[in-house]
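J.: Here you go, one structure.
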Amino acid sequence: MAAMATAEACDSNAALLVSGDLRVLQPIFQIYGQPRVFSGPIVTVKVFEDNVFVRELLETRGEGRVLVIDGGGSMRCALVGGNLGQLAQNMGWSGIVVNGCIRDVDEINACDVGVRALASNPLKSNKKGIGEKHVPVYIAGTFIHDGEWLYADSDGILVSKSELSI
């Protein structure tokens, strides 16, 4: 899909915004990773201070998808680090959105994967394998469902029930 500016997408899809089929995430995320613009179908995971399921999903073929991680907004540890950033790049993921923290910022910034997160924290997460994959999550003021589309650029993040056309 060609890159689409989020501002342009909002301007040209007013009816979808009114209906709720297109939603704007609250501007709470920091920008990391090489690409400042990314988009793709969403895969969701819900965890809390545990990144086992995050790794499991990133070990699958990304095929241009975006992993949306609901980490409960925890600022106490990182859910994604440099190794997972590199894994996401190698497996063909377009982006990662973390409702929580990342670490190894310089390594992630060198990866060809768009990353948005609340902040960075050097402490790694637990490895207990607790969480849920492919479930609706509530992040930054909106529900996000597996299979919806995410569009991110320097202006913000949009979630759409279906793929937007330019």
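From the backbone N, Cα and C atoms, a Cβ is placed for every residue, glycine too.
Unlike curated records, TrEMBL annotations are generated automatically.
From TrEMBL, for reference:
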type	residues	note
BINDING	G81, G82, N83, L84, R103	substrate binding site
BINDING	D104	Mg(2+) binding site
J.: Which residues, in sequence order, are found in the same chain with Cβ within 8 Å of the centroid defined by the Cβ atoms of G81, G82, N83, L84, R103 at the substrate site, excluding those residues themselves?
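T.: The surrounding set, listed in chain order, is A78, V80, G85, Q86, I102, D104, E107, I108.
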J.: Roughly how wide, in whole Å, is the group G81, G82, N83, L84, R103 that binds substrate, by largest Cα to Cα distance?
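T.: For the residues that bind substrate, the greatest Cα distance is 10 Å.
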J.: What is the total of other Cβ atoms whose distance to the Cβ of G81 (substrate binding site) is within 10 Å?
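T.: A count of 21.
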J.: Name the one residue among G82, N83, L84 whose Cα is closest in three-dimensional space to that of D104 (Mg(2+) binding site); these are the binding-site residues.
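T.: That would be G82, the closest of G82, N83, L84 to D104 (Mg(2+) binding site).
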J.: If I restrict to non-local contacts, at least six residues apart, and a C-beta distance under 8 angstroms, what lies near G82 (substrate binding site) in its own chain?
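T.: In sequence order, R103, D104, D106, E107, I108, C111 meet the Cβ cut-off.
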J.: Among all the protein chains here, how many other CB atoms are within 10 A of the CB of R103 (substrate binding site)?
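T.: Total other Cβ atoms inside 10 Å, all chains included: 22.
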J.: Please report the number of other Cβ atoms within 10 Å of the Cβ of D104 (Mg(2+) binding site).
T.: 21
J.: In sequence order, what residues of the same chain, 6+ apart, have a Cβ less than 8 Å from the Cβ of N83 (substrate binding site)?
T.: D104, E107
J.: Do any residues at least six apart in sequence from L84 (substrate binding site), in the same chain, have a Cβ closer than 8 Å to its Cβ, and if so which, in order?
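T.: Sequence-distant Cβ neighbours: N51, V54, R55, L58.
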